[in-house]
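Going by TrEMBL, these are the annotated features:
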type     : residues                                 : note
ACT_SITE : His66                                    : active site, proton acceptor
BINDING  : Asp67, Val70, Gly72, Asp74, Ser76, Glu88 : Ca(2+) 1 binding site
BINDING  : Pro163                                   : substrate binding site
BINDING  : Thr194, Asp238, Thr240, Asp245           : Ca(2+) 2 binding site
DISULFID : Cys35-Cys115                             : disulfide bond
DISULFID : Cys68-Cys73                              : disulfide bond
DISULFID : Cys121-Cys313                            : disulfide bond
DISULFID : Cys200-Cys225                            : disulfide bond
DOMAIN   : 25-317                                   : domain 'Plant heme peroxidase family profile'
SITE     : Arg62                                    : site 'Transition state stabilizer'
Amino acid sequence: MASLGKLLFVTLLASSLLASPGSAQLSPTFYSTSCPNLLTIVRNAMTQAVNNEARMAASILRLFFHDCFVNGCDASILLDDTATFTGEKNAGPNRNSARGYEVIDAIKTRVEAACNATVSCADILALAARDGVVLVGGQSWTVPLGRRDARTASQSAANVQIPAPTSSLATLVTMFSNKGLSARDLTALSGAHTIGQARCTTFRGRIYNDTNIDAAFATTRRANCPATGGDANLAPMDTTPTRFDNDYYRGLVARRGLFHSDQELFNGGSQDAAVRGYSNNAASFLGDFAAAMVRMGNISPLTGTNGEVRRNCRRIN
């Protein structure tokens, strides 16, 4: 009888643990029965998008980063502003620069056709970011799934929680630490800047005011980024902006970081050794980046009955 009572107690304890809020875990197999073709659908759509425009890999990766750093990876960045709702799309770090929303819309349409009201926009964005990186030469990683979508967004949080391209190393370390990410994660994830383009307004101060910059590099960048005007003129993040490699770190060692915040990682501070290591060992960077992406994707997800599964990524149900 005592053993039966003990068994009952253990069973009840296990049930209560499973039901407790916060115990919900993301899992790579979350949709294996409810939407078995999900990964193929996302990969095919991203292949099409990146084939159409190689820069899209960087754009989707940036969307995911800007989503995760504002109240967690909950697809809040995808919500449109309305007459009664202010989202994150027009926050300073996103206005006139965040892009790729229509790619996520297209993927969501295909996913809904296969398994409606099942897969969150947050998970679609996480998968799309991974696939984009792989399609331009990065290392793959297994994406834990089961995030749900936010019913709210915060423009004010987006304005202060996303690191600026003018940030100091101390600020960057603190902002990443606030999200549970280490300084090493910061340096690895900054390697996302090995792909994509940046607007003149984000690096003008760097090329005209910074002294820790290669003179020839500054001259080259000034040619398409005048001291005034031309804010939207684009420059590549490194010399191979459509290939996910370690060229970004080689650029930092040569004092050719495009953003002030980039060069802060290699400027006589705590991350110099990590940057030099990545510049000499692409495999080390690619592996650390993949692992750090999983950790970033685990920032404060909505799970269980929290949030919702949006039918349309641009608006709440």
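Residue 1 is the first one shown; counting continues down the chain.
Using N, Cα and C of the backbone, Cβ positions are placed for all residues, glycine too.
Here the recorded positions are Arg62, His66, and the one with the most other Cβ atoms within 10 Å of its Cβ is Arg62. Here the disulfide-bonded residues are Cys35, Cys73, Cys225, Cys313; the one with the fewest Cβ atoms within 10 Å of its Cβ is Cys35. Comparing Cβ neighbour counts within 10 Å across the disulfide-bonded residues Cys68, Cys115, Cys200, the minimum falls on Cys115. Cα to Cα, Gly72 (Ca(2+) 1 binding site) and His66 (active site, proton acceptor) are separated by 9 Å. One way to see the shell of the Ca(2+) 2 site is to take the Cβ centroid of Thr194, Asp238, Thr240, Asp245; the remaining same-chain residues with a Cβ within 8 Å of it are Ile195, Met237, Thr239, Pro241, Arg243, Phe244, Asn246, Asp247, Tyr248, Gly251. Within 10 Å (C-alpha to C-alpha) of Cys313 (disulfide bond) lies none of the recorded positions Arg62, His66, Cys68, Glu88, Thr194, Cys200. The most densely surrounded of the binding-site residues Asp67, Glu88, Asp238, Asp245 is Asp67 (count of other Cβ atoms within 10 A of its Cβ). Listed in chain order, the extra residues whose Cβ falls within 8 Å of the Cβ center of the Ca(2+) 1 site residues Asp67, Val70, Gly72, Asp74, Ser76, Glu88 are His66, Cys68, Phe69, Asn71, Cys73, Ala75, Ile77, Ala150, Ala153, Ser154, Ala158. Across the structure, Cys200 (disulfide bond) and Val70 (Ca(2+) 1 binding site) are spaced 25 Å apart at their Cα atoms. The Cα of Pro163 (substrate binding site) lies closest to that of His66, out of the recorded positions His66, Cys68, Asp74, Cys115, Cys121.
In space, Cys73 is the closest of the recorded positions Cys73, Thr194, Cys225 to His66 (active site, proton acceptor), judged by Cα positions.
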